[in-house]
């Protein structure tokens, strides 16, 4: 019996991550890359966040990535006039305490896209399975197999095909073409309409940046445009210039840009301040690499057809201003690798039904995780580009209130809900925040009807407490009565429920935590697990969802709260 074979189209971050996972799992694969070499000088830099670093650690790659990457220790934002409007750092004991309590143990870092691809490629033991200069020309079914015809006429047959060939995926185009003929209800034309573009971006690099600015991510705000500047310890620096398009375009109408378009954007905005003392024009003159591309944004509602599945930018694409794209690609590849391994544990030759189940699970997980990241990136872009007076006010006046503890909370939520590969050795917890898989009281989905029922119940309990108090005579020095405490507790719960409704979170996932700390400082910790220095009470299910900040409740304080994890 021939070994189950996975054909990977594209030597991208997602494609090479999947190749590494499959190799670790002993699953045969063939990777086809259309370009003459693996890891060409395309793109500028990518940011690897804690959830991605955890997966790279499982593959044994964290140390090598850290050698080549620059950690992000500070985040600063600059207004149109060149003054700082945001400086996120742990600048006081309060911020440091909360940031430490929410630590994941992994520092976000940026690395050249080419370097990350090289790390992934170099880690492969069986490099003979990777073939350059072989792009996809056509897909067709061959019984219970898939036949791939490459651009040079070579035919390769496998059990499944994984399209990891980017935003302009040839694999995606092929399955849409096939589905249009075989199953018009698949809706490929509707899927294509979800691919939209509202911004374009100049990706660039200089080799003579100021290394004294390293380890800081700079974001420059301008009207209908924005800039990201990432200097490294070596003096190399990466920059991204985002420009809002005149109108939103969809799929085939999304423009392609020429060198003349790039020159025009630079000429129009050369005086924009990137950091104090450095303009966009100055930076562009010193560029060693640069390109102007459209920024597609989308999440496909369907990411597979029969025995072909899409990963990475082929299925979801977000604005790079938050640096989350590579992380999603790594996570998706790791998840799909786990699902393929799981199917093969049931049968060495999984049936169509078994593979469809695996792909559907991957699709649903992607649709659960990716939307918030795509929406966050879109919102950050709108804020940075000062798109309207309200966003201008928020960016230039309110953003300066952001602190390290608030940033740490967002990182903790993202990390805790990330994926961990099931069939590789599980790593010890590095920071204070665990993954959901390590939490006993995991969050659950809850229907809105249950939330409404709890609201009614809590209102009833609050009313009982209030009625009882009307019949009690309390002296000035009398301690608070138990029913008053009941009323206050109920009011607290109602406020959580109200916050949940306001944030549109009814029916989403939440977990209740309750911590005591003799120090009197009780930072709100993440997702159902307390470090040793805290004494957790029994976690209980509650309805609603809220993300509170730190609470200082006095010596021996006690804190209950709910943390968003979906």
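Cβ atoms are placed via backbone N, Cα and C, with glycine included.
As given in Swiss-Prot:
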BINDING   33, 47, 113, 313, 326  FAD binding site
SIGNAL    1-19  signal peptide
TRANSMEM  448-468  transmembrane segment
TRANSMEM  482-502  transmembrane segment
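In the shown protein chains, 21 other C-beta atoms lie within 10 A of the C-beta of residue 47 (FAD binding site). DSSP classifies residue 47 (FAD binding site) as strand under the three-state reduction. When other Cβ atoms within 10 Å of the Cβ of residue 326 (FAD binding site) are tallied across all protein chains shown, the result is 26. Of all the binding-site residues given, namely 113, 313, the one with the smallest number of surrounding CB atoms inside 10 A is 113.
With 33, 47, 113, 313, 326 listed as the residues that bind FAD, the site has a largest C-alpha separation of 23 Å. In the structure as shown, the Cβ atom of residue 33 (FAD binding site) sits within 10 Å of 25 other Cβ atoms.
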